[in-house]
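**Student:** Below are the structure tokens for one structure; questions will follow.
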């Protein structure tokens, strides 16, 4: 169903889920019920006021009742009234005070934060009389690039170009180019301090959902029931456990210890024993355990004299347990806080919600006992129905909620502090705007989030366009990387079509860092009250009495009532959804085992689209497909018309999905061409008989249908199970799974044409392949990610041949002439920047050529390429330590001596090239920062020509480094005179089982000969037989082998050599960026050993294993040379007094050596030792342990 997939990507972008998430978060006029507005409405500043307003302390306002309203009014469980919070367009407040709208590229160039102002409407009510309202700015929030408030959104971009007198009549792509953007950039990231950062999606357990499992306790297993109760940003774990003696106890957050279930249910208002029994029991086998727990609660030892019988008794028991010895008022407050706020907060926080909580606890106990009795299995934590995905908007929700509450609390404090009866309330000066802004920016720039999570915000990977898209679609698990977590890392059946089965890192992150599949959608959530109203209209009744025949109905994990015919209810909900009368965000499932109807409408569910089947036929028909092709209807219309529906993992348990509607015959019955799915068109979807049309001869023929009446849905395209990166691999179904995982990792490291605005991007580092090519063997998914416009590789002519041992162990032999013609050449860019900072006291940095009187000034030749302003000329050649930006700064500290009275000498603080790099100055950017100080960015380029040690990889995980560069005249050649660009070792194929590599070589050979692209899409690519027939047709052997001759001797090879054309990727692991050696250089201050690392001109570590090899050889002097002379060898003077043995010191006044302990001055000897030994001795002395050195004559 290529047309449907085309329509999907025409409607939705590749990172649409992230954009939708932030669009629903931002408070814009067209989104009055935004997440931001909901947070404002739910924010509670103090206990004496409801959410949405706060009351100033009457003691500080002269007894006046002054209320500040910032949220909407709540009526009948709904918020009504006008929107109170708004977010504007991205802007920057210049040092002059003017506010200007900015573009993402300006933010990158000037190291700015890409922020939009947030304004809040506040109403002041004094003694019941409204004094008016005021709209004030409360801070700034980061703007997601390409979201609806971004400057690049269609409406905003038109206004920006018009305001700046830009050209008219431009297309969308031309407008984006005009403002310095790549038209194919997907967006979905933020710009903080000029750096692009992405909020990576987080996988978490579903809130408000009961989970039952077995847990190990002291060599025995106990049944545990848990629920992560979440409401308004507050999350609390309530757990229930059945002991070995049958007692059921509940753990409540915020209090230590456990509470017996029956006592807690009675404290919540379920006073009668029969009500407690009915709330728990579902089968007669449970009754003995329930009765036992009820009887235990009535034991006089629990609460003298008669045990717990009433709600008052239960409250008394809780007071005795958790607030013993406190005043009555404090006890009441403590228990109310525990029952109303800490226990199951998602069910409400008022005393009227206690009965609901008691019934919910009964349901938890029922699930626990069902597990104990074997009626139900333990819940699978790795099932996607029990997971929720937190997108950028959800994570920003947590951050904004915390920051906004801080702002409101601070506003209350400031108003109480500055209140003056005569002047009245002055809100604007009391608001500290930086509080919200800095709180959010700190989290965004460091990745440290609310709740102690780290790494939530990451620097966007810009190595290639593919790596960028992959990073934006990544999903990470919060589980610790050091633990095995085997089940969590494994593929789960519910991940089919939702999570890519191949794209995951190797190592400790394997299976915990995942990527979304191609056709996915993450629900934004809808108001459960609206769903509840519809369900009530379908005869869902909220009654306490339960009949075994009635089905229990749950909405978002919360029990809402019963229905007489649960199967009918489920079919009715689906009918309403498919007809468009109910939101397509709603998913429903009937659990046959427990007779439960589970309805979900919450946010964070990962869903995928499927074609709906009725009576073994698709609802989709030919008319819909034709209208889709001509753009008359969209993918969304197919959902509204009931042809396609989005299913979450919960509802998919109720379905029977067909993978294919039909099997394709090997050959066309009319033209005898080999057929494959890309070259066959399904003419009559929606009919029982299936008619196909051949893509070669356009003749039609019938095939039997594979669909049965039991099938409920049909896959749109099985190729959509893969993620973005794995989808560009041709013929992946012919490779072993680990190779696809490796290939996915390699593709993200490949160099190519990452962004079209590369010349004006000030990235810290970047790569550009000189001649990127479109792969000859391609997949359909490349069209959706615009891979042809942003390729990352080249087509190589490859011979599979051992060559003198130089391509052993995955090494590659490469043709020198091909390199000279430009094969594999790339440019590496590095940007250096400097700013004229201003310091307290009026001092500032200055761009200039430092003169000889400047402290630390270099020799004149280092400044030879600078102009008069201290900035280097474009296209100047620079090498390691050359100055790029001449800069002087005021002294760091006050200087001592006579010079303190004279003028201060400035110090040299120029920006220089990295020591091991060289290149040409590609670009010089001059701009100003937010504080109006000058900023200079120098972009240096260096050419990277393939050399020994550079890494290349095919799209099948066959990676290798260049082992030999051979002149063309010495390379083997075919009888047609074809000289390969690359010689690949045949031993790399058998054990790795990368048959796709061989098929791509054959396909590339045919594509080169015929001028047509070969389709290698997973499950639907051109078959091997078709490729081999094409080889014969164009004069090659069926096996693709050729006669080859040795370029050195001219003799024919005894074996025929497999030759083909395959797409190779140059990876960013290059020798020029890694090679390093030193003879002398800096040492560490503490240990006096050479520094570590290339960037610090460090030495190469001579480790323990290397030392052991020299010991084995008996090379004592070599050991001394490596570990002492060339490391931290030092001379110590030691007191020779037999009773002393301390290290001597040098007496400057007398010019002699003496022992500081015994005073000896004559008997002192030099010894050669490692400085690390002296350091260890000094540290032992600091512990009060002295090490005496005993000297002896060398023998």
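Just so you know, glycine gets a Cβ as well, placed from its N, Cα and C.
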**Student:** Can you check which of 894-914, 915-935, 936-956, 957-977 Swiss-Prot lists as region 'Disordered'?
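**Tutor:** The range carrying the region 'Disordered' annotation in Swiss-Prot is 894-914.
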**Student:** If you draw a 10 Å sphere around the Cβ of residue 1140 (Zn(2+) binding site), how many other Cβ atoms fall inside it, taking every protein chain shown into account?
**Tutor:** 17
**Student:** 1135, 1155, 1158: which of these binding-site residues has the highest Cβ count within 10 Å of its own Cβ?
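**Tutor:** By the 10 Å Cβ neighbour count, 1135 comes out on top.
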**Student:** Setting 1135, 1140, 1155, 1158 aside, what same-chain residues sit with their Cβ within 8 Å of the center of the Cβ atoms that define the Zn(2+) site, listed in sequence order?
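**Tutor:** Counting only non-site residues, the set is 1136, 1137, 1141, 1142, 1144, 1156, 1157, 1159, 1160, 1163.
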**Student:** According to DSSP, collapsed to three classes, what secondary structure does residue 1158 (Zn(2+) binding site) have?
**Tutor:** coil
